[in-house]
């Protein structure tokens, strides 16, 4: 026979039995299509040799599958790496293929994952017939930090025991930067003493990042560089880099940024409280103090007030005072505290005479209340003033002496000495002043106590003197002390008296032109001496031609020389009016009178002379400002005549421009009638007339020049009185601000001006030239500190002390702004949350910065310089309002945005600062649920599957959060009452029995709806095909068949065709005889078990004389 591939069949040539030589494997490609065998039968002769009678038949042998193969994967191990942020539904890039080489129902198997956390992934399909590609998808959000790698067993299971396919699946997660650093504390609070050593570790901040590797490595930074602290970027250790000073700053608040290796940042705060340490020594307000008191002052007398200050805080700045050293009388002093001052007082009266040099030196210590306490000392000099408590004392209470009466004037009579127990120069020995009472003929030296004569003495005038000598010390008023001594002086007589005049001088009236030899007068002199020493002789000395004298009697007569009262010859006029008479005694040697006698002759007038001004030229100087009626000048005019003829009266000549003066007609005293003002009229010229009372009257005229002297009565006057000046704040020091214009109507020193700033210059930014009045800057200005100054300028003249005048001016200085301050944001950072569907141009956050400058320099502009690459935001450049930009926000793409907003004055230049604005995007239900597959297929679902059988799992993901990301599932159509879906898990199960014969497949539409308005929906389809099973009976087309055949028909001839069918609509029905069929019939007939095309069975004739009824039975497919 032919068609016997690989000789797999054997044919018995005698019996015709066809047998297998070896096992059949349908999965062998040589066998899978079946066999077509051609068999030739030859009839044997009686001798058993082949005859020519032959017959050929063809066998179509199909190899029917049996379940002898387990499912097999295309690899024993699968390995893949995926990012940990892979979304739910993400399909892993794995080529997993599984195949069961059997066919039909024998190739149906289930695939599933086994292993820890296998629920983190789903596979599809899970029910497979034959061969399929397996997709592994992410079922839940992954986290590298929780599970960095997965290892599962992938099984493909048939219902037949031991028919299991197996493979390993290894999934490694790729770390992503999905965690921000988190500080261990939101606020680190620490307190440090201000004397903490530089370099000390203050604290260590710590932030953790759940990422691993470089993404989990945290670095630390200050948001602003503090000047006293450093931060180790790796360890988070904060070191002190500069000394702290509680008195300057009590608290520091530092903002720390923790940044991981992927750039994610978190901010934290460190609050450092500075604690006071007693590091400031009490400081006295002065380097030394001076006090004074008088001796014998009563107790508890305040001597000195002193004060020390301590810049520490309580209790370190609480100060106590004590006296730590004294040069003398330490116990006499106490120190107490009153109103913050240390008050030194005495508790016992002091005696100046016991104090060396009258000075006591104290050392006072101020000590604070710190631990340990700090102190400082200051020297105190206390000067003790002497009290006059001791009187001067003479060595004797009285002194008796005698002296010759001819003792010389100025000769020393006696030395007196008084002592005073006081020791000071003011009240002690050196202060004693001597005085003498009792006679003007003696005087005493006020310092030495020497008594001397002041003139020649005359015993004949007085023979004894009793003097009282007083010694007074330096006391004043009733505090002055006095010592008294008596001195008795007796004069011894000698011949020392001169003649003396009895009635000298002599005054007589004598009419001018008196005739010669007329009696004028008689002069008389006496001499107390006796005898010749007492006899006197008279003479005219110097000689006078107008008069003669009797030397013995002293009578004076006129001579023949004419007496003219108005004689212009001064010498003769004097001789006419004055007669000088000398007298001598007759002693040996003669003594002349100590003085001559003068006879004053009043020549009676005849009116023959004009008044004559005596003090020409008349010039008077008078200070201005004197009240009306003040004396200005005394005009003197004389008339050589006498009586009415010589009586002079005064008047002002009429026609003067101003009648500011009046002259007394009798005295000639010129007085003012108004207050004079030099600044109006500096000089007056007055015509003065002097007239006598004669008839007719005689007069003379002269000019009186009155010069008005300047008095400091005018105030310095500024012009203008108000100055307005504008200066840029960056002017250099010593810049000329303004030159003041000030005048004083006075003259001389009264108009010499000095300038001072008396107000508005508290910070000392300005100075004024002492003489030139130029206001200048002392240091640079800062408009942001003081924007304007109102300077009060004072001009003081150089008038007399106590009467100096001042004038004031106001200088308004406006400090013009210079752009020297950068904008400063009001917050160190801004954080805000907004919904992702916020409309375009909606306000998000107000960033606000201030610039201490003003005007254009203080105008702040804003812009976003970083973090807005996709134009999700925009900022109002003038207000700093951050708004949503042209591109909408999408939380699912980016849940937060870190913007860097810059505030600036100008496009260029350093006047700018930036701030971090963090915008958190809050979820809005704007995402539609998305199924992991557009269509899910469940192929080969057994039609006999029971109610509740799992069919498929659909999974949809929604990138929203909360209810917006929670999905409910629903079958919209196609279930036909056979299936239901779990609204939470997406598991589709059967709810009714299935029947392949009724419906072979189902196509369902499934929706996934999120749980927040507007309840977005996603859709998918689920295709379910049923697997036909032998659940329906096979029915023959007829209940019985009959055939009539000829007895000699050839073997193999078709006798009858039977046909059966089944509602299961199986691909193949096989036929065989019922085992209960008659054995004879079975030997005569055979049946073709498979007729693929017609599904009929053929009965064949073997070799028999009769045929019986053949019963057929149908078998379903194997």
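Each residue's number is its place along the chain shown, starting with 1.
A Cβ is built for glycine as well, from the same backbone N, Cα and C atoms used for every other residue.
Feature list (source: TrEMBL):
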- 9-73: domain 'Cadherin' (DOMAIN)
- 74-183: domain 'Cadherin' (DOMAIN)
- 184-284: domain 'Cadherin' (DOMAIN)
- 285-394: domain 'Cadherin' (DOMAIN)
- 395-507: domain 'Cadherin' (DOMAIN)
- 502-613: domain 'Cadherin' (DOMAIN)
- 614-718: domain 'Cadherin' (DOMAIN)
- 719-825: domain 'Cadherin' (DOMAIN)
- 826-931: domain 'Cadherin' (DOMAIN)
- 941-1036: domain 'Cadherin' (DOMAIN)
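According to DSSP, the domain 'Cadherin' (74-183) comprises 7 helix, 56 strand, 47 coil. Residue counts for the domain 'Cadherin' (184-284) under DSSP (helix as H, G, I; strand as E, B; rest coil) come to 4 helix, 48 strand, 49 coil. Helix, strand and coil counts from DSSP across the domain 'Cadherin' (941-1036) read 4 helix, 46 strand, 46 coil. Contacts between the domain 'Cadherin' (941-1036) and the domain 'Cadherin' (74-183): present, as 3 or more C-beta pairs lie under 8 angstroms, all at sequence separation of six or more.
Break the domain 'Cadherin' (614-718) down by DSSP state and the numbers are 4 helix, 48 strand, 53 coil. The domain 'Cadherin' (184-284) scores a mean pLDDT of 90 in the predicted structure.
Per DSSP, the secondary structure of the domain 'Cadherin' (395-507) breaks down as 6 helix, 49 strand, 58 coil. Summarised by DSSP class, the composition of the domain 'Cadherin' (719-825) is 4 helix, 50 strand, 53 coil. Break the domain 'Cadherin' (826-931) down by DSSP state and the numbers are 4 helix, 48 strand, 54 coil.
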